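Participant: First the structure, which I've put down as structure tokens, then a few questions once you've had a look.
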Amino acid sequence: MLRVSPRTRKIVAAVTAAAVLALAGLTGLAAMMPARAASSDLPFTVTNSSGRPEETFLYVMARSQTTGEQGYVDGSGDWHAFDLPVSVANGTGNPTAPDVSIPGPADGSSVKLSLPANLTGGRIYVAFGEHLTFQLSPGGLVEPAAWNGDDPNHDVLFDWAEFARNGTAININTTMVDMFSVPIAITVKALAPPPPPAPVDNSVPVDPSAPPPDTTPVPVTRTEGTLAKDGRRKVFDAVTALGGDWAALVDVRESDGLPLRVLAPIHGIDSAAPVFDAAFFDSYVEGVYDYYASHALTVDTALGVFTGKVANGAFTFRGEGGRTIGTIGRPTTPEIFGCHGALQPTGQPDQDAILAVGARICAGFHRGTLSTPDRAGSDRQATFDAAAFYRHESSDLYSKVMHDHSTNGRAYGFAFDDVAEFNPSIDEPTPTSVTMTLQPFGSSVATGPVAGGKPAPPPPASPGGEAPVGAIQAESRTAQRGTTLSPTSDSGGGKHVGHVGDGDWLRFENVNFGRNGLSTLRARVASGAATSVSGVVEVRLDSRTSTPIGSFAVGRTGGWQSWRTVPAAIATTTGTHDVYLTFATGSGREFVDVNWFTFG
């Protein structure tokens, strides 16, 4: 069943790069705390199991369900309205919101908060190491939009969960609709009504000594958002291994090589510097609309069953008795990834019904389950067989990766992932507590110890990708197979190793990992291979056939001189060793050039 809240927040985020919370008709009001009963507060615990050393900051942003005002919840569980500006002078920009952060838990600890009742459109942000910057506009709160390179939060490690409290109930979910960064799990505990008593058999005399039916509430617990072991690293590796535009969605922080986030494809398209194909779905759309010009598409919704066919370039859907509920024109790729536009038309004869139909068609495009003339899909939507998802070449592979690495297969990879209940939402009318767990980052953040035993980041990269001090230049290899040297246009000049394909290798003698050990790798690589070509670079010690201590996947970066710094984890290594980089690809083609690499 489609939920109105908090999924509506995802649609806003996908449509507007600034992620502005719309508050039509409201003016700025002074900060206030609405009256509420303490018993309606919901205990909310944030547990940090990330393994990261930074301090954390929490932000609880939500609108009042009563007044519609945008505000925040403080560390005491009190809600306050933001004082929004009535207007902003041209050229001055939106004012920065006051810092309303709550000190978050250190690694291995928890912080207890509470969520008041009657809140909607809520987000609970967590940031590592730095505060987040929010802005105030006459229309509402401008939230972090990390996919914009000029957003002040671009280099901050952060993520969020979404929630709404309809009265004292809770609807909460993790989300990857905009991006994936921090692995978050949500656990809700509740007291559910007891099972109904067995039907009364009137043919049997009533036993007056029988105990009355048990009306004791039953404790229930539900958890969503849990990733498989080492899930964060596996998500980044899987997206990188897809190559091409998919790999370009991985955002790496230049200062320390940390994989910050994987952007959703919509933000690879609508960012100031697009990295994703804005025509990705176009051929699939053409095939779908061609096929359903001569075949019927049946769509099941909670509002009824509707049937549509394409005429004059648009679906027309009808219900019982041939009643027209609305039309859906050909969507563009951004409209499919953003779940808006043609798929959510306005001014229709039955607005609610056509929106429900559009949501299911959108899910069909993402999951690749709609039919075309040359490929049979399902002519009845929604589709519930997950084994049939993401098989079409134009499927949303970003969403596939998110589902693949969830322990129960549920994820919010796009705004209508709640179609057929593949979303990780928890909707509980009688909650007693909520826990938000920051899951382990695993080997993707392993770092070498320094004095005092505290972890330290890898050496920072110089501006423009110039090799950091201590980096090993690829051209300094002491032995190799199958590669060549060519001049590089990367920062710092010199030469790079190129023409690298399957089975090739490089040897670097006497690399000193030190007494305390090093456990991260950063490599400067480029690839102009076809989008279908990718491969793996493995790091081995003392023999090119020894067990790898680490690896990373490489796909197309945009060209053979389009250099990117790729981070990877390695097993903690001490002492002095010969290092081998070995290269593998199933494509049989050259897939990577290497300029330098460094350990940390």
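Yeah, the Cβs are placed from backbone N, Cα and C, and that goes for glycine too.
Heads up, here are the entries from TrEMBL:
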ACT_SITE  E162  active site, proton donor
ACT_SITE  D178  active site, proton acceptor
COMPBIAS  430-444  compositional bias 'Polar residues'
COMPBIAS  445-454  compositional bias 'Low complexity'
COMPBIAS  475-488  compositional bias 'Polar residues'
DOMAIN    39-440  domain 'GH64'
DOMAIN    470-600  domain 'CBM6'
REGION    198-223  region 'Disordered'
REGION    426-498  region 'Disordered'
SIGNAL    1-37  signal peptide
Participant: Please state whether DSSP places the residue listed as 'active site, proton acceptor' in a helix, a strand or coil.
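Facilitator: The three-state answer is coil.
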Participant: E162 (active site, proton donor) has how many other Cβ neighbours within 10 Å of its own Cβ?
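Facilitator: That number is 25.
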Participant: Could you tell me the C-alpha distance between the residue listed as 'active site, proton acceptor' and the residue listed as 'active site, proton donor' in angstrom, no decimals?
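Facilitator: Per the Cα atoms, the residue listed as 'active site, proton acceptor' and the residue listed as 'active site, proton donor' stand 12 Å apart.
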Participant: Summarise the domain 'CBM6' (470-600) as counts of helix, strand and coil residues per DSSP.
Facilitator: 3 helix, 77 strand, 51 coil
Participant: Tell me the residue counts in helix, strand and coil for the region 'Disordered' (198-223), as DSSP assigns them.
Facilitator: 0 helix, 6 strand, 20 coil
Participant: Inside 10 Å of the Cβ of D178 (active site, proton acceptor), count up the other Cβ atoms and send me the figure.
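Facilitator: D178 (active site, proton acceptor) is surrounded by 25 other Cβ atoms within 10 Å.
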